[in-house]
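What TrEMBL says about this protein:
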TRANSMEM  97-114  transmembrane segment
TRANSMEM  223-243  transmembrane segment
TRANSMEM  267-286  transmembrane segment
TRANSMEM  298-319  transmembrane segment
TRANSMEM  331-352  transmembrane segment
TRANSMEM  364-383  transmembrane segment
TRANSMEM  395-412  transmembrane segment
């Protein structure tokens with residue numbers, strides 16, 4: 001099935017990304033580092049400035065001025081930028097830096113599964129250091145992706161979809177890595193939830209405000225910094241530090257009531273919910289409410305877009321509650337990966353709806369990711385009729401859940417990439433060389449510029 005209609009294709013050509021980052025840490029500490037780090041990436045294609053410098057070798061300044069003016073006037077009709085002999089311009093393409101960053105987290109998750117299959121046993125200490133380093137590299141590659149796109153003049157709607165799509169999946173894989181570091185066991189799923197909820201809220205807010213707003217303290221900057229500091233810290237103290245009572249891990253706070261007897265990792269979970277998730281979600285809802293009121297829209301329609309995500313969480317929790325084998329504790333990595341892929345599908349559909357300027361409201365296509373859950377719940381209910389043994393072994397059902405979400409996400413990703421590259425006339429992961437020509441061939445220029453076919 002097609003995901004993008006004629007209206008969506010037209011919207012893709014008009015789309016311009018807008019984002020604001022209010023983080024002081026990013027502005028004064030990380031941005032200078034990222035600006036230098038991006039120079040390590042090769043210029044796989046020349047940007048606009050490089051092209052003008054090359055063109056200047058062939059033409060005088062008056063010619064360059066004339067060409068710039070011609071393209072400014074004919075920007076909508078011209079299929080490609082101009083080029084002289086031996087000199088090529090390129091269409092917009094997504095950068096692979098986000099994909100490289102995503103692979104770092106995939107590697108981190110694989111280390112967790114190898115050395116801590118149930119995420120409740122301590123892995124070797126070097127694994128914690130590897131987790132921290134890989135997360136730092138992910139954050140760096142993800143941050144310089146936009147800088148590399150601007151540096152090479154290669155931003156595109158496909159690049160945004162690819163970047164944020166990788167980030168959505170990264171929530172699951174980093175949750176597995178953190179679960180290994182803090183010996184969270186079944187609580188790993190809840191650490192995924194507290195990363196997915198703000199991410200979905202930010203995507204939902206972006207859909208309505210048309211601007212991705214990152215507050216002064218946000219997940220992509222301070223949140224990730226805190227997590228890789230935790231990984232590095234654990235490399236010195238050991239994962240057992242997180243599994244013991246909070247009063248023992250932090251003796252000078254042992255006087256604090258209630259927290260004293262709770263495992264340290266659960267205290268961290270509680271504090272993150274109170275001081276990070278709730279304020280962030282409140283911020284998202286308030287911003288969407290302001291926009292909806294200003295446009296005299298329906299807040300009910302806006303909230304309806306949260307329905308698939310709420311059902312996804314509710315369905316997985318109901319499945320676990322009814323399960324005779326406690327699936328989240330027994331297969332934490334599979335449940336997190338399967339649900340994370342379903343979440344990635346929901347986020348991808350919402351981002352695509354935003355890029356294609358689709359009407360606000362519930363997208364029924366998003367519910368495709370929920371189809372497996374009723375079957376899984378029905379299977380665990382058969383255990384009540386069969387002396388506590390479900391009709392199909394739950395291990396197979398959990399693996400089937402992962403395979404279903406993998407297949408669904410891959411089909412969506414490949415289909416959308418094909419449709420967007422076809423609509424925009426670009427390639428994914430490689431450049432589009434385009435020789436150009438002038439409307440009427442002018443011999444002394446010794447080159448041509450071709451208008452795009454209607």
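Using the three backbone atoms N, Cα and C, a Cβ is placed for every residue, glycine included.
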Other parts of the chain folded back onto the transmembrane segment (331-352), taken as Cβ under 8 Å at six or more residues beyond its ends: 3-4, 8, 109, 112-113, 117-119, 160-161, 164-165, 168-169, 171-173, 175-176, 179, 185-186, 188-189, 192, 196, 199-200, 203-204, 207, 305, 308-309, 312, 316, 320, 363, 365-366, 368-370, 395, 398-399, 401-402, 404-406, 408-409, 412-413, 416
Residue numbers, six or more beyond the limits of the transmembrane segment (267-286), whose CB comes under 8 Å of its CB atoms: 182, 187, 190-191, 194, 197-198, 201-202, 204-205, 215, 218-219, 223, 242, 246, 259
Intrachain residues whose Cβ lies under 8 Å of the transmembrane segment (223-243), provided they are six or more past its termini: 25, 120, 122-123, 125-126, 128-129, 131-133, 135-136, 138-139, 174, 177-178, 180-184, 249, 263-265, 268, 276
